[in-house]
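Asks: Checked TrEMBL, it gives:
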type: DOMAIN; residues: B:23-534; note: domain 'Cytochrome oxidase subunit I profile'
type: TRANSMEM; residues: B:35-56; note: transmembrane segment
type: TRANSMEM; residues: B:76-104; note: transmembrane segment
type: TRANSMEM; residues: B:116-137; note: transmembrane segment
type: TRANSMEM; residues: B:166-192; note: transmembrane segment
type: TRANSMEM; residues: B:204-231; note: transmembrane segment
type: TRANSMEM; residues: B:264-283; note: transmembrane segment
type: TRANSMEM; residues: B:290-311; note: transmembrane segment
type: TRANSMEM; residues: B:323-348; note: transmembrane segment
type: TRANSMEM; residues: B:360-380; note: transmembrane segment
type: TRANSMEM; residues: B:392-417; note: transmembrane segment
type: TRANSMEM; residues: B:429-450; note: transmembrane segment
type: TRANSMEM; residues: B:470-493; note: transmembrane segment
type: REGION; residues: B:514-534; note: region 'Disordered'
Amino acid sequence: MATDKYYVPESSPWPLVASVGLFMTAFGGAHFIQQATDPDTFSGSWGRPLFFFGLAWLWLTIALWWRDTIKESRGGLHSHQLGISYRQGMLWFIFSEVMFFGAFFGALFYTRWLIVPWLGGAGSNAMTHELLWPDFQAMWPLVKTPGGTTTQAMGAWGLPAINTAILLTSSITLTIAHHALLAGKRGKLIGFQAITVLLGAIFLGLQVEEYIHAYTEMGLTLDAGIYGSLFFLLTGFHGAHVTIGTIFLAVTLIRVIKGHFDAENNFAWEAGAWYWHFVDVVWLFLFVVVYWL
Amino acid sequence: MSTVAAAHDDHDHHHAPTGLKRWLFSTNHKDIGTLYLWFSFAMFLAGGFMAMIIRAELIEPGMQFVDPEFFNQMTTVHGLTMVFGAVMPGFVGLANWLIPLMIGAPDMALPRMNNWSFWILPFAFTILLSSVLLSAFGHGNPSAPNFGWTFYAPLSTKYGPASTDLFILSVHMMGISSIMGAINVIVTVFNLRAPGMTLMKMPLFVWTWLITAFLLIAVMPVLAGAVTMMLTDRHFGTSFFDAAGGGDPVLFQHVFWFFGHPEVYIMILPAFGIVSAIIPTFARKQLFGYASMVYATASIALLSFVVWAHHMFTVGMPLAGTLFFMYMTMLISVPTGVKVFNWVATMWRGSMTFELPMKWAITFVILFTCGGLSGLMLAITPVDFQYHDTYFVVAHFHYVLVSGAVFTMFAAAYYWLPKWSGMMPNKVLGELHFWNSLISVNLLFFPMHFVGLAGMPRRYADYALQFADYNFWISIGGFWFGLSQLFFLAVCLQCALKKGEKAEAKPWDGAEGLEWEVPSPAPFHTFDTPPVVK
């Protein structure tokens, strides 16, 4: 089904159309955030519909774009070399994601090892401590901010530990599915991939549960100081990536059922699997440095 | 360095699209490259216009034309437009045009994503620049971003104008564009090289872009993280940059410059590649020390990750930290020195001629070295306490970015315009462009060293009387440099409209490389079947 010639695709409207969607998402999103969080300053409420319209536009465009790509692949236009391009592209995309999380992990370490001790007077910062917030005590997790906001720290051994087990299990089931794909065992592949998608959904459900618990019972919120900020942005972006990964695996599951993949022709499937393992590894780091230590 | 064994076929095997669709829906690396280059030039003129507003205000002490609030918006958006709109897309345009031609590839590896990378940019800059237009002409004059191009917290968080949120989202869009563009470059270079084009046979422009692309993928997401933290601090009550909540405004500077310093090399490494292509051509000698050039580029890129805090010496870091960043920064001058040495050694005893690309390239070597040396001065922590946030810094980074990065883009344009358009750039206009730019750029930026050393701070709409004479001449230099670029516009338009002298396939007799093996202008599709490189 593959060709030896490198495939330079025909021109396509989707990149431009997707850019329009991205524009509406960004432009609407900025106004949506302003109008929703500060209605006194920012009148109007058109940001929200524009944001969601743009987002739907973007998703639909990408779906149509990838439908074209899948058609071309099914039509035998894709060479082995193009498959390598896709794989390399996906790996570099995952590297960019690693660096995105790196920014937030870096903020966590900087806060924990430098800012908080300094505010407490460590190093040459005795006068900073004395002049700014003399009553402040350095600790981590920071459950009382210099400004006086108090909160509670999220423990590691309740839901987070269960979630760790769920994600680790999902990585194993996905690997079993991968072996089944390569061995051409469709039944096993579909079964284990379905389990993986289900585990992803359960993880997300428990994460929502944890957030509700944090907000309603623990006073652990986004505005509860730097601990809450880091906790929610790190786990929140991870959760967003699990959501994308779950959708990704669900789509490739449908394509497995349609018979799109075999031992050679399986880029999209493997890309989804790599992505899943990536979010899994991020979670392990999160579990250790956000919840546990 | 390499010869083509197999004949390339230049017939179009599917019809070249025409009309508006050709440009809007393109999957062709040459067309997308052209779009990038025109976009970059448009942003260069827009950013330059803002610079001239700045220089008009500063032509004499006191307030002349704009209020200080608008002046701040001009310095901010001038910087953002030049960095993200002019220099970065300009080099991506060159990468698009040249990398597939140089490595014998049929196109970029992921052509549709390539088009997406481009088309995001006009929309992102619509968002950013519309806030300037609203500020200038809108009802109630809502402020455009006004916190400097480095958007330090809390100026950009607690005190940022409403347009900051639009700015944040537009930076996200630029980041998406850059990351996709960089992935495309890396995959093209790793996967689409013609048979025989081994890594150590690649032209240096390809090497420098490969390393640049790695830097882009590594740091653009960190910038996205920084602006995301800004957004949540502004609207969702997080405390990343607020000490009362346990955060720290200095954290912003660390995250920003972890992006920002590699970003500096993102804007100069491709320039090194261009100069390394042009100097051997007009010195009629092989590039001196090819392998050392590759290793020097890689060393600069790796070191760029551990020097970021030299932008923050005065912020109050532990002594050990400032010392570390000082020594690491000085270390960068070693591989950079290797490069300058190699360019000079390439010219040594060469049969030199001084066509337009060569003039720009030699100018680059000299003026970039000036900028590098003032960088060394700034790297010395105790000395930086004096220079920090003065016009000395402004002089430094304009020497490396204008007479560095921008001048090499002119060099590249004069060198490869024959290949792109099939026309030789007009020599008279080109000479006018070069000489006017060369003199005016020095009149513009050189005296900034003096006023900076004497203590004139950057980013102020007014200054003390003793700086008046220098500032007058700086402003004259600024207008002169700005207007000189109209010569370049005329050169480009003449080539685009096919006016003037037709170019041969290889208009420079000393040139080497696969791009000169295809006709001028390069046909719509090149290297459908890969050439074999020996």
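The backbone N, Cα and C atoms fix where each Cβ goes, and this holds for glycine too.
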Asks: Under 8 Å, at least 3 Cβ pairs, sequence separation 6 or more: does that hold for the transmembrane segment (B:35-56) versus the transmembrane segment (B:323-348)?
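Replies: Taking Cβ pairs at least 6 residues apart, the transmembrane segment (B:323-348) and the transmembrane segment (B:35-56) are not in contact, as fewer than 3 fall under 8 Å.
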Asks: Which one, B:76-104, B:166-192, B:323-348, B:429-450, B:470-493, has the most C-beta pairs under 8 Å toward the transmembrane segment (B:290-311)?
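Replies: Most Cβ pairs under 8 Å with the transmembrane segment (B:290-311) come from B:323-348.
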Asks: For the transmembrane segment (B:264-283) and the transmembrane segment (B:429-450), does the number of C-beta pairs under 8 Å, pairs 6 or more apart in sequence, reach 3 or more?
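Replies: Contact between the transmembrane segment (B:429-450) and the transmembrane segment (B:264-283): absent, because fewer than 3 Cβ pairs are under 8 Å.
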Asks: Under 8 angstroms for C-beta pairs, at least 3 of them, ignoring pairs fewer than 6 apart in sequence. Is the transmembrane segment (B:470-493) in contact with the transmembrane segment (B:392-417) by that rule?
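Replies: Output yes: the transmembrane segment (B:470-493) sits against the transmembrane segment (B:392-417).
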Asks: Sequence-remote contacts (6 or more beyond its ends) of the transmembrane segment (B:360-380), Cβ cut-off under 8 Å?
Replies: 268, 271, 274-275, 278-279, 282, 310, 326, 329-330, 333, 336, 340, 343-344, 347, 354, 387, 392-393, 395-401, 403-404, 407-408, 410-411, 414, 434, 438, 441-442, 449
Asks: Report, as numbers and ranges, which residues of the same chain sit near the transmembrane segment (B:429-450): CB under 8 Å and 6 or more residues beyond its ends.
Replies: 356, 359-360, 363, 367, 374, 391-392, 394-395, 398-399, 402-403, 407, 410, 414, 470, 473-474, 476-478, 480-481, 484-485, 487-488, 490-491, 494
Asks: Per DSSP, what is the helix/strand/coil residue tally across the region 'Disordered' (B:514-534)?
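Replies: So the counts come to 4 helix, 1 strand, 16 coil.
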Asks: I'm a bit unsure how to read this: which one of B:76-104, B:323-348, B:392-417 has the highest number of Cβ pairs shorter than 8 Å with the transmembrane segment (B:204-231)?
Replies: B:76-104
Asks: Please give the average pLDDT for the domain 'Cytochrome oxidase subunit I profile' (B:23-534) in this predicted model.
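Replies: Residues in the domain 'Cytochrome oxidase subunit I profile' (B:23-534) carry a mean pLDDT of 96 in this prediction.
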